[in-house]
Amino acid sequence: MAAEIANPSVSIQDLSLNFGAVSVLQTLNLDVADGEFIVLLGPSGCGKSTLLNCIAGLLDISDGRIFIKGKNVTWEEPKDRGIGMVFQSYALYPQMTVERNLSFGLRVAGVPKDEIAKRIARAAEILQIEPLLQRKPSALSGGQRQRVAIGRALVRDVDVFLFDEPLSNLDAKLRSELRVEIKLLHRRLKNTMIYVTHDQIEAMTLADRIAVMKGGVIQQLDAPQTIYNRPVNRFVAGFLGSPAMNFIDGRLEKDGGDWHFAVEDVRIPLATYAFEKEPAPGPAVFGIRPEHVAFNSGTGWPFTATANVEVVEPMGSDTLVWLKLGQQNFTVRVTSERTPKNGDAVSIGFDPLRASLFDGQTGDRI
Amino acid sequence: MADVASLSTSAQALRRHATGPSGPKPRHVLSRRNIFLYGTLIVVALYYLLPLYVMIVTSLKGMPEIRLGNIFSPPMEITFEPWVKAWASACTGLNCDGLSRGFWNSVRITVPSVLLSIAIASVNGYALANWRFKGADTFFIILIVGAFIPYQVMIYPIVIILREIGIYGTLTGLVIVHSIFGMPILTLLFRNYFTSMPEELFRAARVDGAGFWGIYLRIMLPMSLPIFVVAIILQVTGIWNDFLFGVVYTRPDTYPMTVQLNNIVNSVQGVKEYNVNMAATILTGLVPLIVYFISGKLFVRGIAAGAVKG
C-alpha cells in the first residue's frame, strides 16, 4: 500500500453513498497529497464520477467525512469547498459571452470589478483564449469550449481542480493535444487535481497516481507504472492495457523445489517470478501482456513454445498477432516489419518475471 | 441551381461512358402525387376557411341584404355599422355599451392571470426538475392528477371558498381561479423543459456559487424564452376563450368578453342582428388570433424544444 500522506490536500474518510438500497460507494478512503494529480479510472458505473460529485458537494453522502485543505467540508456548499470543476459537456452558460462565463462565479461572490478583470486576464493568458472573450459558446469549437470551461475553474483561484471526463466529447486528435495542455497546466499551477476518466491512456499519461475503481471500491491506488506492471488483481490487469493482457487459466503446481504454472501439457517455470505472497498449489490465472512476449527470437528465454497464427491485425506502428497456444488464445505485439502470415507456425518466448499470477478463485495477485 | 452545377463534376465524367438517367430525377408539376397532396390541402383549407368567410362577409352587410339569404355572396354595399354597434352599443341585459366593457374586463382578467400562473409554474417546474427535494415525486404526481379532475367537480366548492374569503364575483377571484387551474399543465410544461436542459449546467452554476434564485434568474430564465412563449400562448388563449369560469365566478358588470358575446348573440328580444353577431364574434376571437399570428414561429420552436432534448 502507498505510504501515509502527512498533509493531504483532499482527504476522504470512510465515505459511503447509497441511492435507496443500492450502495454506490462503500466506506471509501482516499488521501490526495498537495499538488498531486490523481486519476480516478474505471469502467462506466464504477462510481468514479459519483465520488467526484461527492467531493464537489453536488451529491449528499450517506456516511463519512471529506476534508479539503484540512477543513471538514462534509456539510459545506460546493462554492465554499475551494474547488473548481470542469465538466464533460463543458456546461458553459449559452447566453453569456466567454468573458461573462468566466466571471459568473466571481460576480455571484461579489468580487470587485478590477479584481475580476485581473483574474480573467490571467486565465485567458494561460489558456490562450484572449481573442475569444467576447464570443458566445455556440461560436466556439469543442476544444475552445473545454479551454473556457477550464478557465472558469481557473479564475476562481481554488485549491483543488476536479475534472469529470473533460476530454470525452472531443475527437481523438484534439484529445491528445488537450491532454498535453492539461499536463502543462498542472505543472505550471501546481494545484491538486482529481481527474475522472475511463480512458486508460489519459490515466497513464496524466496521473501521479491512479485509483482504479470497480463497483464503488478502489481496487488499486498507485503510480501508473506500478499499476501497469504489478496489478493487484485480475480486474485491474484486464482493465489497463490495450490490447488487453493475455490470461491463461491453469494450475499452480510445485515440482520438487520449483513452482510452475501448468495448463494442458504446457509447463511454464516460475523460477524468475516474484511472488507477492506465499504460493499454494491450486487453480490460478497466468497473465502476460502482448508486448512482453518475444516473437521468433530463438532460445534463451525461460519459456518458449510454438504456436499457430490465427489472425493478423496491422495497427500501423505495430501489429497484433492472434495465436493459438494449445487450446488457449494468445495475442502478441510485434513490430510491423516482422509480420507473419495467417497459418504460420511461429515460436514465442517470454520471461515470467514480466508476468502476473492471480488466484483462480479470488482473482488476487499471487 | 448553383450547387447542382458543382455536384455534377463526377456525373459528367460518367456521362462520357454511359447513357441513361443522370442528374436529378425530373419532377412533374402535375404528377399524381402532387395532385393528391395539394388537392387535399386545398380542400381542407377551404373547409376551415369557409365559415370565416361567411362571418366576415355577413358582418359587412346591412340587415336588408342579409334577409335576401345569399350567405356566400359578397356584400353589395359594404358597411361597418355592425362592427361599431357590436363594440360600442349592443345591448346585453341592462347595459347597452357593447362588447367594449367585456373586452376590458377580459384584459383585466387575462393579463394578471397569465403573469401570475406562469411566474409560479415556472418556479415550480424549475424546483421539480433541478432541486430534487424530498417528496418531489409525490408532489408532482398530485399535481398531474389535478390536471385530470373534471372542472365541474370543483366549481361549487370554489364558489364557497371564494364567498367565504369575500372575493366571490370579483376579478381578483377569477384571476386566482385561472392561475390555480393553469398550474398542473404549466408546471408539467416547465418541468419537462428544465429537465431537458443539461444537468451539468445546473451543477456548474452551483459550483460557481449561485443559489436557488440565482440559478433560476441568471441561468435558467435567459435560456427558456421558447417555453415561456408557449406558456403565454396557452394561457392567453385559454383564459381569453374561457366561458365557464367567467360565467360562474363573476357578476354582470365584471363579465369577460366571451360571456358578454353569448349574451349579445343569444338575446331573445327583437330581430336577430346577424351582422352584429358576426362582428362581435370576430372581435372576441381577434385576440387569440393575433397572438397566434405574431408568435406562430416561436410557438412551434418552443413545442419542439419541450418535446425533444434541446
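The first residue you see is number 1, and the count goes up from there.
Each Cβ is built from the backbone N, Cα and C atoms, and glycine gets one as well.
Features as listed in TrEMBL:
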COMPBIAS  B:1-12  compositional bias 'Polar residues'
DOMAIN    B:103-295  domain 'ABC transmembrane type-1'
REGION    B:1-26  region 'Disordered'
TRANSMEM  B:35-56  transmembrane segment
TRANSMEM  B:109-127  transmembrane segment
TRANSMEM  B:139-159  transmembrane segment
TRANSMEM  B:165-194  transmembrane segment
TRANSMEM  B:215-240  transmembrane segment
TRANSMEM  B:276-294  transmembrane segment
Can you tell me which of B:35-56, B:109-127, B:139-159, B:165-194 gets the most C-beta pairs within less than 8 Å of the transmembrane segment (B:215-240)?
B:109-127
Check the transmembrane segment (B:276-294) against the transmembrane segment (B:35-56) for contact, please; criterion is three or more CB pairs under 8 Å, pairs 6 or more apart in sequence.
yes
What parts of the chain pack near the transmembrane segment (B:35-56), using Cβ distances under 8 Å and only residues at least 6 beyond its ends?
71-72, 278, 281-282
